[in-house]
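*Asks:* Pasting a structure below so you can have a look.
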Amino acid sequence: MRGRRIPIALPNTGALSRRRHTLYIRSAIIIFILFAFLQFHVINYDSSDSGSSDNANYSTAAILQMVPPVFHKYLTGKPRNSTHGQNGTHYAGDGPRTANISDIMRMINRYNDLQTVLNEDIYGPLQNDSVIIVVQVHKRITYLRHLIVSLAQARDISRTLLVFSHDYYDDDINDLVQSIDFCKVIQIFYPFSIQTHPTEFPGADPGDCPRDIKKEQALLRKCNNALHPDLYGHYREAKFTQTKHHWWWKANRVFDQLEVTKYHTGMMVFLEEDHYVAEDFLYILELMFRKSQDLCPKCNILSLGTYLKTFNYYTYNKKVEVTPWISSKHNMGMAFNRTTWYEIVRCARHFCEYDDYNWDWSLQHVSQQCLKQKLHVMVVKGPRVFHIGECGVHHKKSNCESNQVISKVQQVLKVARGAQQLFPRSISLTQTSVIKKTKLRKGNGGWGDQRDHQLCFNMTLVGR
């Protein structure tokens, strides 16, 4: 018979305590490494972040080095002694080419009448499931060059149609656009620009009221628009009204008037000259379009851009969010189809008469006050469209140098590419934070003149 074992307490050597301590240290190290890894993928491309810019190389040569050599041609101007334009015009001489207003109007009308689609012989006619990319262009050619370079590197870009909508006729910009050889291209020209109407409406008529004159004084002076200041008591400024007019004309033009696009039922992506796209932006757009019926049946806009200065590509590269469309957040790289456009254009009065010179604020007014189904957006959390413009109509900085932001965006995409965060196999819906009901907002003004209302509405009915 065995004797009963008597448990004997072992002396406390501290081994167990040391093992626990070691375990805590290892856990802390792992958490720290994971946190550091995630932070590495949190990307900041705010140009105001001067702390990291001291040692960075934002030179033109460094930017050029990030671009495949085959696309360098879009970043450098070409010397020319004689140029035959695509519209049949001819220029000769060594100096800058200039033209008077009547010549510019004649060339604009010729472009708009001919509706020539460049490279159609190479890439074939537009298919109904192809994406149309509409770019609003003023005269910032440096930004436009980089947008074109980014578009050239996008997968499936050869299947698209690029529509460049201009409100400024410029030979160098025309040469640049007409040199594009990676997809079909068409140019359209807003025919009511300040350039072609410098001393008459919709430009600045000498008989118009000065911006800050009081209404009583304006009535005594009998200036043209004395009866119609905006809701803040100011009179119109042509340079601010043009952008909204151009956006509305452009949308009407591509959806209802261009022969190549007026029966197209696929998606149209709206960009501006100071945007920059990721190489998978068309791929992501296709994923979003295919998944929209499952993830958000009520969504009528897809948005590929964001104005956030800091974002986490590692976490959000394949995440989308669903939310009511907000003009200040979702107006960059937005895409919609003809069905959505027809709902918007039925509310033309609301768009054209709303006292705000911004097209996006006016569109939000349409959503809130007119549409039966308000605008809802599916927006990609890891942006595929970036804003690289430092200066423009709304923003003036002491330093308008474009290299810094462009270089940072290039680095963002280089890191994302190296970490295989582009071209995800699928997208998923992230938890949307609770959205407060959007309040009806007072417009920003600048759009009180009845002539602006009428011009805008007339472009809805007819257009060149």
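Glycine residues also receive a Cβ, built from the backbone N, Cα and C atoms like all the rest.
Where the annotation comes from TrEMBL, it is an automatic prediction and has not been curated.
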*Asks:* Have a look at TrEMBL and say which candidate in CYS183, CYS209 forms the disulphide with CYS223.
*Replies:* CYS209
*Asks:* Regarding the disulphide bond with CYS347, report which of CYS370, CYS391 TrEMBL records as its partner.
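*Replies:* Candidates were CYS370, CYS391; TrEMBL matches CYS347 with CYS370.
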*Asks:* Quick one: which of CYS352, CYS391, CYS400 does TrEMBL link to CYS456 by a disulfide?
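*Replies:* According to the record, the bonded cysteine is CYS352.
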*Asks:* Measuring C-alpha to C-alpha, could you say which of the recorded positions ASP274, CYS347, CYS370, HIS387 are within 10 Å of ARG140 (substrate binding site)?
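*Replies:* Taking ASP274, CYS347, CYS370, HIS387 one by one, the ones whose Cα falls within 10 Å of ARG140 (substrate binding site) are ASP274.
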*Asks:* Determine, using Cα-Cα distances only, which of these binding-site residues is closest to CYS223 (disulfide bond): GLN242, LYS244, HIS387.
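*Replies:* Going through GLN242, LYS244, HIS387 one by one, the closest to CYS223 (disulfide bond) is GLN242.
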*Asks:* Hey, how far is CYS456 (disulfide bond) from LYS244 (substrate binding site), Cα to Cα, in Å?
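*Replies:* Distance (Cα to Cα, whole Å): 9 Å.
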*Asks:* Looking at the disulfide-bonded residues CYS299, CYS352, CYS370, whose Cα is closest in space to that of GLN136 (substrate binding site)?
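*Replies:* The answer is CYS352.
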*Asks:* Calculate the distance in Å between the alpha carbons (Cα) of HIS387 (Mn(2+) binding site) and GLN242 (substrate binding site), and round it to a whole number.
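*Replies:* Here the two Cα atoms lie 21 Å apart.
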